[in-house]
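These features come from Swiss-Prot:
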- 70-93: transmembrane segment (TRANSMEM)
- 156-179: transmembrane segment (TRANSMEM)
- 195-219: transmembrane segment (TRANSMEM)
- 291-309: transmembrane segment (TRANSMEM)
- 346-369: transmembrane segment (TRANSMEM)
- 385-411: transmembrane segment (TRANSMEM)
- 433-455: transmembrane segment (TRANSMEM)
- 531-549: transmembrane segment (TRANSMEM)
- C573, C582: [4Fe-4S] cluster binding site (BINDING)
- 589-610: transmembrane segment (TRANSMEM)
- 664-686: transmembrane segment (TRANSMEM)
- H675: chlorophyll a' binding site (BINDING)
- M683, Y691: chlorophyll a binding site (BINDING)
- W692: phylloquinone binding site (BINDING)
- 724-744: transmembrane segment (TRANSMEM)
Amino acid sequence: MIIRSPEPEVKILVDRDPIKTSFEEWAKPGHFSRTIAKGPDTTTWIWNLHADAHDFDSHTSDLEEISRKVFSAHFGQLSIIFLWLSGMYFHGARFSNYEAWLSDPTHIGPSAQVVWPIVGQEILNGDVGGGFRGIQITSGFFQIWRASGITSELQLYCTAIGALVFAALMLFAGWFHYHKAAPKLAWFQDVESMLNHHLAGLLGLGSLSWAGHQVHVSLPINQFLNAGVDPKEIPLPHEFILNRDLLAQLYPSFAEGATPFFTLNWSKYSEFLTFRGGLDPVTGGLWLTDIAHHHLAIAILFLIAGHMYRTNWGIGHGLKDILEAHKGPFTGQGHKGLYEILTTSWHAQLSLNLAMLGSLTIVVAHHMYSMPPYPYLATDYATQLSLFTHHMWIGGFLIVGAAAHAAIFMVRDYDPTNRYNDLLDRVLRHRDAIISHLNWACIFLGFHSFGLYIHNDTMSALGRPQDMFSDTAIQLQPVFAQWIQKTHALAPGVTAPGETASTSLTWGGGELVAVGGKVALLPIPLGTADFLVHHIHAFTIHVTVLILLKGVLFARSSRLIPDKASLGFRFPCDGPGRGGTCQVSAWDHVFLGLFWMYNAISVVIFHFSWKMQSDVWGSISDQGVVTHITGGNFAQSSITINGWLRDFLWAQASQVIQSYGSSLSAYGLFFLGAHFVWAFSLMFLFSGRGYWQELIESIVWAHNKLKVAPATQPRALSIVQGRAVGVTHYLLGGIATTWAFFLARIIAVG
């Protein structure tokens, strides 16, 4: 008699046809809420409609239904992203000078937008070189296209159509997985399978396929382009893929196929999988062979990582076990219960993901200039400045979002009854110590960092330069940063024996890469000026963290309002009869944190913009003499507040202020308009609700007098709505002002 172990039952992970597809609800604004569905009595209705349309928690408390809505919405988001990408590639195919740029990227600027003459705005079509007139773009798409081996506008056109097909596919998937085959809650909570697919599938196979594309398509095509071959003469991508002999002419080891791989003779492949470090002197970008090698290595790591977790086969790690075993001598119950939090609260999950993705985005910003990945990116100063600024802003917003969703988790999803002595509970119990210490750190950093500048301004004003903190008087050298630079500069051949150059030219070591007479990158000197501004960075970051963390830790209760959790995530004040309890909701902390995030990022991008123009970017003569854009004035000018105002903001604003009548004039208009949007925000931030309600009532009286009063009763914005409108315009105005200021300046001088 044979006893078989019972076969594991196949789990049914989807519900078929859970929700009927119908367009009826499209005609009922607010169908997700009983109150809003009744239609507008007052103008507050439209604000509530927008506030709650995507707040799925408020539509239903069923976690499975919420999960399905979020999942379906993600496909909609992907569809929009594909549509956007398609538009970018279509502009490259239809309106750009990509092929001309490809033939001479050092003298021709990238342009993919030509303005139509309607009221004379064709003045915006500046001469970007090579006889093409259009708007200079600074997104870095041309450089990415070249790195990926695109040689013609037809290829861009085909890719654009492909992206449209994918956009349609994503829309279909969003409908299908909500209306036809909607996943069950168990599927959303199966974290090990999710890790398997995301690590091994998305990151592992994704990196592997990119590495394959780079080796078989990008490398050979870029090899030809670098040698000056006309793009039209270069074989097409599929010819390299199908014909191994073509590749073997460029990389002889290709003739041996996969034999070296299976015989472990991997060094044969070092022709196209290199470990050089530094930059390619022809293009000023990282060696594409280094990049291919990197993606292959990343693919291996993630393919292994994706197979470490226990799925259908009963071997590997279980995440719950890992978390519950994670206890130290001083951490009580450790991470016990964290698994349940992260599988039942999407806000908790999103908060962690936003915090990590935000930090990663800021890391990307710093690597885009110090290790420029694409050919001819480093010498395109406008694109370099734009990419840095863009990734810094995005990172800042994501990190504030992390705090927002952490606070929503605390208010809506945290259950204090079954949490005792785990790490989260312990943090909450000593939150006063955390916040008061952080507050002390902010005060210390603020007074000392700003105090150094004030000292310098005072000494400068009194004509005592010998008593200033500067590289030529009282030095405050950033010795730790210089030590890190030196360590990295000395690494090749020592701690990184296989490398021929250090990871980034910025570390030091004396070499300089210039392309077409422009500096791509050189060692960046750090001195007293950097020491001062870095402490301003420390100050602004700590204040941002103080505000956001206080919002999270006191989201449910505080000494002032012990029952805060029952008031919800956003509320203006703790009801009538309790003065001094306004601006305490978790939402208000996010609101206030946004302003400090804006401060923090502004100082960073100003520092970057000036430092690069002063000490890195510039032209190089035949004799090897480098002339920087602002002639190295950062070290002596940025050590006073007056210097920042006079030699950075005012001096460099001249291009945007004087742009009228030139192809940069749109930036002049944006500069003006965005200042106006910013100023408009102050009207919402500085006045109270009652002022506007009073005004509205006079206006309604006038309408009644003329018998033109609307049926929907006008109401002033609620306090929270007013703040939301205020902060939105403040940030939008500030960011657009900075954008116009930076681009007009760098396109004119770079």
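Each Cβ is built from the backbone N, Cα and C atoms, and glycine gets one as well.
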Listed in sequence order, residues with CB under 8 A of M683 (chlorophyll a binding site) and six or more positions away:
G726
Would you kindly give the Cα-Cα distance separating C582 ([4Fe-4S] cluster binding site) and W692 (phylloquinone binding site), rounded to the nearest Å?
19
Could you list the residues of the same chain, at least six apart in sequence, whose Cβ is under 8 A from the Cβ of H675 (chlorophyll a' binding site)?
G733, T737
How far is it from C573 ([4Fe-4S] cluster binding site) to Y691 (chlorophyll a binding site), counting Cα to Cα, in Å?
18
From the Cα of Y691 (chlorophyll a binding site) across to the Cα of C582 ([4Fe-4S] cluster binding site), what is the distance in angstrom?
17
Is the number of Cβ-Cβ pairs under 8 Å between the transmembrane segment (156-179) and the transmembrane segment (70-93) three or more, considering only pairs separated by 6 or more positions?
yes
Please give the sequence-distant neighbours of the transmembrane segment (70-93): residues at least 6 beyond its ends with Cβ less than 8 Å from one of its Cβ atoms.
54, 56, 112-113, 139, 141-142, 145, 153-154, 156-157, 159-161, 163-164, 166-168, 170-171, 173-175, 177-178, 183, 188, 346
Three-state secondary structure, which DSSP defines for C573 ([4Fe-4S] cluster binding site):
coil
When each of 195-219, 291-309, 346-369, 589-610, 724-744 is checked against the transmembrane segment (664-686) for Cβ pairs under 8 Å, which one has the most?
724-744
Whose Cβ, among the binding-site residues C573, C582, has more other Cβ atoms within 10 Å than any of the rest?
C573
